[in-house]
Amino acid sequence: MSRNGLGPVAGVDEAGRGACCGPISIAACILPDKPIQELAALTDSKNLSASTREKLMPLIKKHALAWSVIVISAQDIDRFGIQHANISGMRRAVAALDTQPGYVLTDAMKVPGFTVPYLPIIGGDASARCIAAASVLAKQTRDDIMTDMANDYPHYGLEIHKGYSTKIHMDAVRHHGASPEHRYSYANVAKAHQEWLHAADNDTTEGGA
């Protein structure tokens, strides 16, 4: 695309859309056109081990012509909705690039409001290097946030499942209630938190009987 006068090309991707706790992170990245040996392992971040992502993240930042990461809190997700958070985050991530792109590639996501042409590519994080780089930046940033968050909220195992809806996670919400970092607009969180409230009310009633 750069050779066709549409460059530089930015890739955009998100991490955490399907989680029920913690933020969503959205990254944008512009890579040089030439192959980069240190980034040969780049592919969809979901197909990379945690250790590989950790190694790639500083290398992506080192070689990228420009990169940015936007983090949108669980509170804003509850307030505006995940779709709005995702789309606005992608626009903000592209706008935050030091070098403005002439074209944007997304991982199958339609994003109205870009100031330049864009193309959603199905499976783009596995086929376009700039999207793959963005996916690593987004996921590793979010994983680091969730690992730190586990220190503040140790009951949920956030360092393990990173806020996704595993059985262990939902059982913990039923037992301890949801934390301030949970997405209360998500039905599974609301239901589990309500079950905790109901159990707490029953315990109070029985204790006062």
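Cβ atoms are placed via backbone N, Cα and C, with glycine included.
Feature annotations, courtesy of Swiss-Prot:
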BINDING   Asp13, Glu14, Asp107  divalent metal cation binding site
DOMAIN    7-198  domain 'RNase H type-2'
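Neighbour counts of Cβ atoms within 10 Å were compared for the binding-site residues Asp13, Glu14, Asp107, and the top value is held by Asp13. According to DSSP, Asp107 (divalent metal cation binding site) sits in a coil region rather than a helix or strand. Asp13 (divalent metal cation binding site) falls within a strand segment according to DSSP.
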